[in-house]
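Remarks on the structure that follows.
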């Protein structure tokens, strides 16, 4: 059962002339788990006139539904305002541009898996009994306002307008913050229009822009907000057209989720979230019954905070935050403050008539408590006194008597904590306790017991004393109180038994037995040592291999089992096999072993066992696979490639025999002639078959050798037949000019030039570039030279770069030269003095002079074009004409011609042509043309449909079109009708006429749009009409989807 209580209320609005007020709707879902009653609250902070109106709360559970409505009126605080019934429908956050309440923004955000449903079209076609169900489904809260708007929409008459050629669309939809443009066409281009919003005239501003362009009248609304969601009208005289603007508000998402809190009683808690838009509404869901002064709501831009000033145990639970586009939750855990015991009470042993005082200290000096003896509260008397000073609590017993003996407990108020101690009364017959420990049996030395792992230890200790002493066994500082289980203590008369079943390594340690009675105490210490098989050896690996052997090393186990390691046993197997082969039967003491009798090229794995006096360990982890292999043979064909004053370049080939171990690389070594100290030249293994040995002494004779290396080790060295003298070898400079540069090198203006000229010579030659006998200008041409090539680079070629370039290569007094002829070309200039020299018949003779600028390239031809002086259109007569004259034939009699000529080279035609100074006139002879009499054909006919309309069946919500064809002259007037009613300028219909093909487009038809459609064509000679039937069916999948939603709600 649900109970929802609402009360009509009247609020004072802030002054109209004050600063703008914001409205915040904060909803709280209050849940009380022990009860079946839930309370829903809605708070309106800083109410404005737009908050006035009817509100309704609906509650649903499974198949039941209940609702309650209430009214809110807002009255001015300091002045009376003019009553406006529309204010009851204004938005709370509309600001200065408040408008009529729009229900489309309140529609629930459906997942965009289906086409968007127009709720107003759905309401217009629905039965009135379905209104409440549809409104609840799509989030419409004000049924009264919905019915008024729906009635207004249905009452709009479809009538022909005399002032408007094209009316406004029936509705417009725009996203919040976007721009919307509404336009209509009026009959009179000079007509003045007024724009109204909810019946009030709109004044031009930066937000509202009104334009008139011919017959078109436009209203533009910039940066729309929810206040712009209203009804708009365009008024011309007494006539008007209206539309509805729906502003869609994007869902508010949660960008920062809520965190969980774990606090103690009294601490401050702040649940903070961030949303995607400022000023968004957030609903907090908490499990408290009512608000109090310790709860706060804070809003700072996009941040929303729920604050609990002082947390209590009642605040424990889940806290939720909701927006219309997101949800987050956080858990609050509240713990009581822990009370710390600074000093515990101690056991006391006193004699008759003596004083006994129990004392304890706690961390909070405000904490009170009670004293108990054997579970009964101790009350103060003349002999028993209790004090509380600061953090100290004391119990004082004067003139102790035998009945005072017992267990005393202090219990702090409000905490699940107790402090206990014992008061022993010492009489006349008391014997101190004594431990009689048997040192035989398992003990290998004084107070030391050795137990094999897995075995059972049972230690019986005889105890004497009067009265019977209390026995406590401990391991370290931890008492052993278990009387059952693997480790336990068994008590008999005058005997205490300590038992360990199935001893484990963790059982090893120092144990103590302490016996106490009022006469005293005795204590004994024992060391229990657990011995076991050792852990397996670690890091088993292969350090070296031979052709049929391998060297294996490993590390001793971390734990030797409590007994010294006697040695190791080894096993091996082939990789991929499951059969292990023992390598030794007698214990092997070293941690290095050489395994023999292996097959080269086969992968093996090894494992090792450790052995002590208890037994053999588990096997170690398998070693990484290794392969017995032999070193390669020596490298072949070692030669000297180059020698300088400090370096020597060597080259060689791979060994002839590499074997199964492969080849990892090479080591290069050198020594002076006659010496024996070989120096390694490379720090890392060289993988290439070449190496440059550097920093060699000049003039010395050096021996070199190269050694191949693989996992098996070093190969025999490859040596030179004789030592090498470290001295530069002089090589004459030689330029190797590429073949394409040996002829003239031609490039266009603006292109990039990058010439690479390889050369050779030792020592490194000096390269110098010249242009036309002078050194190149580095501002115009860039040159870069390495030890093997020289590069000439021009970023953007110009005609000034043309010329003869020469590369000079010098080594001391030796040199080599290479010449490159570079020509930079561009398009030529136009021909000069183009003229018509003669005209005869249908022919004209042309002549011209070559261009002044040939573009630094030979002229390859000319392109001649002609143009009739009437049309001024140019046509090509000749291409690639190599002479400076030509004859143009096949000219048309009676026309006058002009000519132009383009010059051509390797770059193409010139940019501008040369125009002829005179024209060629082709005179015509007298001709007479006799025309046949023309008789005009009568094309008039009455309208006749050549293609009729066809019956259609469509699915609701999908746009469709019906078509037919008509002929007739004069052009007939077309009239479309539905159920014999003329279809006016309804934006839902689009009528088209394309060369007699008539089309009626119906946008997203509903079942209301079904019926008989007809098309009539009329002219002065007659008329004709065709009709068809349109059947609109509801989409089954969409109906099922809506029905499922209704069932789930």
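Using N, Cα and C of the backbone, Cβ positions are placed for all residues, glycine too.
According to TrEMBL, the protein has these features:
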DOMAIN    157-253  domain 'Ig-like'
DOMAIN    337-409  domain 'Ig-like'
DOMAIN    433-531  domain 'Ig-like'
DOMAIN    536-632  domain 'Fibronectin type-III'
DOMAIN    634-729  domain 'Fibronectin type-III'
DOMAIN    733-821  domain 'Ig-like'
DOMAIN    830-926  domain 'Fibronectin type-III'
DOMAIN    943-1031  domain 'Ig-like'
On the 0 to 100 pLDDT scale, where does the domain 'Ig-like' (157-253) sit on average? 86
The domain 'Ig-like' (733-821), counted residue by residue under DSSP: helix, strand, coil: 6 helix, 52 strand, 31 coil
Among the recorded stretches 536-632, 830-926, 943-1031, which has the greatest number of Cβ pairs closer than 8 Å to the domain 'Ig-like' (157-253)? 943-1031
Within the domain 'Fibronectin type-III' (830-926), residues counted as helix, strand or coil by DSSP: 0 helix, 52 strand, 45 coil
